[in-house]
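A short write-up of the structure that comes next.
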Amino acid sequence: MTTINREVTPQDPQDLHSDLHEVWGNPRGLKAFTIVNHTTLGLRFMVTGMAFFLIGGILAMLIRTQIATPDQNFMTPEIYSQVTTMHGTVMMFLFAIPILEGLAIYMIPKMIGARDLVCPRLTALGYWCYLFGGIILCFSMVIEMAPDSGWFMYTPLSSSEYSPGLGSDFWLLGITFVEISALSAGVELVVSILRTRTQGMALHKMPIFAWYILAMALMIVVGFPPLILGSILLELERAVGMPFFDIAGGGDPLLWQHLFWLFGHPEVYIIFLPAAGIVSTLIPVFAGRPLVGYGWVVFAITVMGFISFGLWVHHMFTVGIPQLAQAFFSAASMLVAIPTAIQVFVWLATLWLGKPKMKLPMLWIVGFLVIFVCGGLTGVMLALVPFNWQVHDTHFVVAHMHYVLVGGMLFPLMAGIYYWLPLFSGRMPSETIGKWGFWLVFGGFNATFLIMHWTGLLGMPRRVYTYDTGFGWDIFNLLSSVGSFVMSAGFAMVIIDIALHFRYGKPAKHNPWNADTLEWANSMPPSAYNFVSLPVVETRHPLWDNPDLPRTMREGQHGLPTISHGRREMWGTDPLTGKLREIIHLPGNSWWPLFAALALAVVCISLLLRWYPVAGIGVVIAVGFILRWSWENGAHPKAAPDAHVKAGDPPLHSRTMDGPGLWAMTTAMIANGSFFLSYLFGWFYLWTVSPEWRMPDESPLSLIGLCVAGVAAILGWGLLEKAVRGLREKNDKGLAFNLYGAAMLGAVQFGLVLWVLLNANLAVTETTHDAIIMVGLAYALLHSGLGAVMALLQGMRVGYRFVGAHAPFEPLVVTYFWRYSVLVFWMLIVALDILPRVIGS
Amino acid sequence: MKAMTQRLHLTHPGHFVGGLTLWSIWFVAVYGGLSVACAVATPDAGQGAFTPINASLLLVSLFTVVLIAALAWACFKEAKRHQARRHFNAKVSAWLYLFSALAVVFVAAPMVGLPPCL
């Protein structure tokens, strides 16, 4: 590892900008669909998220209008159920998570001194999947077929018996489509933060916001797969009749609740953590001093990231689980108050010891502190089992949830938007309109939801479309509704302020808030490449410690100012120390992400319409696009055919054995592992708990067939390891043979698993046991097939000289995939075939 | 002991997640174990908390607390020996281990008084 910090003669910033812009600049017109740059895509995420926020907001107003007074018939019960379900769904899945991901996608490279995220085409795929999934989901409202079983889609209400239309299918398929976006953002944010920080930025020196986003991204990677599995199972039940959640077939509706809340509770923290990251970033800037207790905040983030996965059953206290188990989850729910409180005290201490300036962003931060602390306190109340039983499914829970989510996410987000607005546009917002907006939102919010606690305590259940007069709820509901319209007026003012500032806002001076972090070293608005040259940063406050840094960066006095090679380059650094390891070269603009997302949209729509052959063709086309996209990597002419670097610079990552792709594969396999463990959880849960579970006396699977398939997989993996060992020694003799051999063995494994599946005569629509086995074997088929194709493509790339001793990276990535596949295949054999033989039913 | 501490690389930030990972494994084990035990061998309700299930869960919890607390102590010691990055990593890890140990104690406390399967 080396450190490069040359003393370079200043160059003309305009010349440097022109050179860099030629390689990094965004195309216009139709080609704008090919853009993969994080700045543009981050903005697209945020703007699209705001559009969905408006839709969700309108739905909220419809709800409040309907229940403003008793015995209203403004909406039918059916439409009301659709509106409440879509309000929750849009706000959680299409607004809260994507807009925060968008902010992270926009901000993280700028804060850590990088030029882009590490997988730019993945960013683009994520955006298109989000957009298309969101449109498909919202289209259901236009045709009055929106989901109506609540945003958590509890079975059996969401099953085909009680929700026979397409509503639930829209939800299950649309949300799964959108979750591709969340997972792709999660993977690349993790890798970008760990591997692309600028030189010298050791883990304990990185901006606190990056810690929050790292935790959020890892939580997405682990937390979303259970819901993806649940959605797949429920859609299979609805479309094909596999009885996963049907008691009669051996399933259990509670399995859905477990899978949903395994995702759903961490999701609250996935939303909260980046918002808290905004707070921890802004408070030191406006207090004019470093954050008190940086280490304690890292501690709190880590605790939250873990404990939040141990709380999911507190959403299920009324379903009838043993008291002792309830006590476990009640205690864990209370524990999460500790890291939250640590952060609140850190923020207060920073304000106390600094000299806070009450600018517009700070107003929203103060609003956050007030509302979020209240929401946190009612959260502790809800963690107590007896109280939880009393207010379960009442407006009290709705009020608590909004205090936590609006207070904990929306207020910090608004603070962040106002804070970074000058960076987005180069202009300042209007303090006057902004303050009006804040006070209307703050007052309206509390009028709506503080009062909703009382209607809840008076017994008003959630999601009822009307109520009789005389329960004592009338006046409170009316006041809540008035408050909600005041809040809407506040948001309208904020939107007007933001819209007007692009044209009439005062031009912002450089670093207008006197911030400490690197994003303010960008031009305003930023260029596509972020920084002309990449500095060495060994402090948490680079712009406070070296105010001249933006100028020297613009003049090319730091790393990688040369662009004559035509590659998009940035540093790859050690995840712990920040020492330089390699130059990461990034792909340019590409149609493949858009094409792949379009093909996936066709799959989604075809599945909705039950056009299964079309869906199958769509899958093949999507896989084809993605494989073609993977082809344009490494030493490919469209990537980096020439490995030449400046004397003294480290090598290109594709010429090493440890590029970011390896980290991306590892992170993706963590997500995959979470999916697989959720599957195993489902299998063992139903086996143990389901009242009608039926396991045959003899396993329907051929143990010999599965074991031979497993041995083939091990042999294929062995060939890949051999190939990688050779590459580490710069020896590519027999490389193609080993790769083709692995591909062939992968194909043998695929064929054998298929044979076992076809010979098992599974009654997948009659028993849950057989249906779950079917899903497990399909999972194994997918992995063996994909492993074979990946090894085959690598063999072909050897022939084209895209892979070899000169470019040894890619076979290692494929080997990582195989390691995972072999491990989970043998786990499947043990779980599905060997254990039932040993233990019996 | 010293050799073992060295092998654990207690100044590596991987230990940030060490204690909480152990806590998570323990949590899944006691919740899953309780569910399975109640499904296959429900004790008589009259026994209250004095059942083999509670005893087993407490034993597992005790072992987990001791393990995590030992790691916390080792991290605190290691933090004193280093400066800057390594000190930061070991110290944050130590507090995280300590929190995890206390979290086991707090969540396991009801095992002392509540019957397992009611």
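Sequential numbering from 1, following the chain as shown.
Glycine residues also receive a Cβ, built from the backbone N, Cα and C atoms like all the rest.
Caution: TrEMBL annotation is automatic and unverified by curators.
Lifted from TrEMBL, the feature list:
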- A:23-538: domain 'Cytochrome oxidase subunit I profile' (DOMAIN)
- A:41-63: transmembrane segment (TRANSMEM)
- A:83-106: transmembrane segment (TRANSMEM)
- A:127-146: transmembrane segment (TRANSMEM)
- A:170-196: transmembrane segment (TRANSMEM)
- A:268-287: transmembrane segment (TRANSMEM)
- A:363-389: transmembrane segment (TRANSMEM)
- A:475-500: transmembrane segment (TRANSMEM)
- A:580-837: domain 'Heme-copper oxidase subunit III family profile' (DOMAIN)
- A:591-608: transmembrane segment (TRANSMEM)
- A:614-631: transmembrane segment (TRANSMEM)
- A:699-720: transmembrane segment (TRANSMEM)
- A:740-760: transmembrane segment (TRANSMEM)
- A:813-835: transmembrane segment (TRANSMEM)
Contact call for the transmembrane segment (A:268-287) against the transmembrane segment (A:41-63), three or more Cβ pairs under 8 Å: no
For the domain 'Cytochrome oxidase subunit I profile' (A:23-538), mean pLDDT (0 to 100): 95
Same-chain residues at least 6 beyond the ends of the transmembrane segment (A:127-146) whose Cβ lies under 8 Å from its Cβ atoms: 41, 44-45, 48, 52, 55, 79, 82-83, 85-86, 89-90, 93-94, 98, 165-167, 170-171, 173-178, 180-181, 184, 593-594, 596-598, 600-601, 604-605, 608
Contact between the transmembrane segment (A:591-608) and the transmembrane segment (A:614-631) (at least 3 Cβ pairs under 8 Å, separation 6+): yes
Two-stretch contact, the transmembrane segment (A:41-63) and the transmembrane segment (A:813-835), at least three Cβ pairs under 8 Å: no
Leading contact stretch, A:83-106, A:170-196, A:475-500, A:614-631, A:813-835 vs the transmembrane segment (A:699-720) - CB distance under 8 Å: A:813-835
Cβ-Cβ under 8 Å with the transmembrane segment (A:740-760): same-chain residues at least 6 beyond its ends: 700-702, 705-706, 708-710, 712-713, 715-717, 719-720, 723, 770, 773-774, 777-778, 780-781, 784-785, 787-789, 791-792, 795, 818, 825
